[in-house]
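Chemist: There's a structure below that I have some questions on.
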Amino acid sequence: MVRILPMASSLRPSISSFRFAAASRLAHSLTSYTPTRRLPSFHLGFAVAQAQFFGLNTSKLWQKEHNNTIRVAINGSGAQASTTTSPENILEWVKKDKRRFLHVVYRVGDLERTIKFYTECLGMKLLRKRDIPEERYTNAFLGYGPEDAHFVIELTYNYGVDKYDIGTGFGHFGIAVEDVSRTVELIKAKGGKVTREPGPVKGGSTVIAFIEDPDGYKFELLERGPTPEPLCQVMLRVGDLDRSINFYEKAFGMEVLRKRDNPDYKYTIAMMGYGPEDKNPVLELTYNYGVTDYEKGNGYAQIAIGTDDVYKTAEAVKLYGGKVTREPGPLPGINTKITACLDPDGWKTVFVDNIDFLKELE
């Protein structure tokens, strides 16, 4: 995903087909990509903005640039709005687009250690692995089924980097298991860290537990029956839940599957996705009362989502308040069409053409 030098100087995206511009330009624009070389196959990791590595808050940067340069009028008069497609048509198309979660991407300090933990303790399979020595990084894809039909994890190890700042905005990943207590005992036996013992969720009956992987990423274990998507959640914290819900509904075409307010503990959550929680991965958005900004760190990167049309997707993102950080189009050398964007809180998503993605997997 990203090559990080011991002294902050240059970043290398995980796709390895792009190189960011100089750090000073990156911190300002968050958009520059220049092709470098073709890889044997395509994967979806992209560099986190340079600003995050220097402790800057992406949400604030996004808000400033959004207010100054990319606010798009609903009547189509904005510079980046489509002049040929109405907002109503775009919204209707987004609802009908065939979308699904493809990958969640993040960085780890010891790839073999993490692979061992995920396969032995969480029951994942190593789907594929790729080393790019000239770019000084290695990728591993793990999950509970093949990438063409399942939501999977993409890990990136950057040579010589053994630790990352997870930040305060990322929350956890969710794994559905049939027996939480048994899974926790296995994790303990393997030396894993349990941060919340098995028991009913506060205010509910679902049995859960929390663990940490070797890099400190938190996983929520949820007790459920058999499911086609055991990798079932990505939780991110947001500063304005209603704003985020509106954005993900209109720009991303997600549904609010459920929403729960917990005033005793001063937070509200919204589960959003492309289908029922028991059969599909979901994005869990969490709003903590009175907290509007979070630090992103440099560990978690983004989610990748499939789409039938990256061009219309970018139009919808711009129309409904997002920031496109890579304009839609084919990647040089491999012709896979993508677009990348930030939500109002600065969380990054990459949209990938569905047909091109399947071709790349071949």
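Glycine is no exception: its Cβ is also placed from the backbone N, Cα and C atoms.
Take a look at what TrEMBL says about it:
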- 100-224: domain 'VOC' (DOMAIN)
- Glu154, His172, Glu220: Zn(2+) binding site (BINDING)
- Glu220: active site, proton donor/acceptor (ACT_SITE)
- 230-354: domain 'VOC' (DOMAIN)
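I would like each feature placed in context: is it buried or exposed, what are its neighbours, and how far apart are things?
Modeler: Around the Cβ of Glu154 (Zn(2+) binding site), the number of neighbouring Cβ atoms within 10 Å comes to 26.
Taking a C-beta cut-off of under 8 angstroms and a sequence separation of 6 or more, Glu220 (Zn(2+) binding site) has the following same-chain neighbours: His172, Phe173, Gly174, Ile175, Ile208, Ala209, Phe210, Gln233, Met235.
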